[in-house]
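One structure below.
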Amino acid sequence: MTLMEDAKKGVITPEIEAVAKAEGIDAEIVRSCVAKGLVAIPKNARRDTLPVGIGKYMSTKINANVGTSRDCIDIDAEIEKAKAAEAFGAHAVMDLSTGGDLDEIRTRILKAVNIPVGTVPIYQAAASRKIVVEMSSDDMFNAVRKHAEQGVDFVTVHAGVNLNSLERLRQSDRIMNVVSRGGSFTLAWMLHNGEDNPFYAEFDYLLEIAKEYDMTLSLGDGMRPGCIADASDRPKFMEFITLGELVKRSREANVQTFVEGPGHVPLNEIELSVRGMKELCDGAPLYLLGPLVTDIAPGFDHITGAIGGAVAGMHGTDFLCMVTPSEHLALPSIEDIKEGLLVTKLAAHTIDLIKEGPRERAWKQDTAMAYARRDLDWEKQFELAIDGDRARKIRDARKTESDACSMCGELCAVKIVKEAFGEKKEEE
């Protein structure tokens, strides 16, 4: 029996209880949201790991991508990245490996972290053949089953990419066409074989596998726009419509889902994308990479992604995939992972400040920082800071004899007003 089945029957499972406790809300609220598909708790029945709630009333969660490429194969380094991601605050890790022994990398990551682990099975299916288009539908489904058997908690499947998507793409004026790796594999396969996407055509079989292992489906955004000029076009929204239909079928099969999107999007179109996704997908949890709000920032795309993520959070995003400074340039290093996670944590916190559910706890953190700043309590500020070590290093590098910072010293506004109020009270 899956977690969603239990929730529909009114059962508050240990996973639901754990999420409720972590989020500080009533377990019945969590159960109801899981039953309706508004919250997902990605946890494979074969894996004993920390339950993490994603969706309505939940604090905003963060995923970190790790994994080899065919040009950079260092398995130990990727394991260390996964561990570092968990240590730096990621709530989930995805193994996107395409080079080396994919089974070894995946099993080692599953053992190395105590948070949900996701994968993209089509990468392994493609690796089993010399050419991507030569993989069979059996290769695709066998890869999904293998990952499920090994304990993977959620898998990205680009089931919304189908022959209809292909036709929309042909009729579009896109500059970047398709930038999703899994989406490009799928489109190339359909064109070569003259058949529809097996993950779409045989979606019921995919649901059978997911249900057997209580594995969550992350419905991938294979048609996401890869540049600002392509944002909010027909291929993108056509996929959202299809994904919404697949969300409904998944819920009927008692399989948990969340939905990925929406690519590169200018600030003024983020609300349209996110609200559109939420509406078309019946409130399913949304999992976004970014969105990236400009195309001219290689080396700084962790910042463009955090800006987009924060704005998207105002309109319903639940799960942010961190972007690193290496995006569009290279495989990320551990330092890139840390930097990407920190700016994404900032974006997530700004979302939580206004999100129903985590809002009260987030406000307490900011209020505590306000009091610490008012009191010039530096140790408390470092304790509350999102990266206290960095804050301490900056202050220590340019210290002043004043108890204020070296920017203002004795001219510190907080210090002046504090002393002025103190003198007034003494006179009174």
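Any Cβ shown, glycine's included, is placed from N, Cα and C.
Listed by Swiss-Prot as binding substrate are MET94, TYR123, HIS158, SER180, ARG181, GLY182, ASP221, GLY222, MET223, ARG224, GLU260, TYR287; the candidate from ASN65, ASN142 that the record includes in that site is ASN65. The CA atom of GLY182 (substrate binding site) is located 54 Å away from the CA atom of CYS412 ([4Fe-4S] cluster binding site). Taking Cα separation as the measure, TYR123 (substrate binding site) is nearest to HIS328 of the binding-site residues HIS264, HIS328, CYS405, CYS408, CYS412. According to DSSP, TYR287 (substrate binding site) sits within a strand segment. Neighbour counts of Cβ atoms within 10 Å were taken for the binding-site residues TYR123, TYR287; the minimum is at TYR123.
Note: ARG224 (substrate binding site) has non-local neighbours VAL179, SER180, GLY183, LYS236, GLU260, GLY261, PRO262, GLY263, HIS264, i.e. same-chain residues 6+ apart with C-beta under 8 A of its own C-beta.
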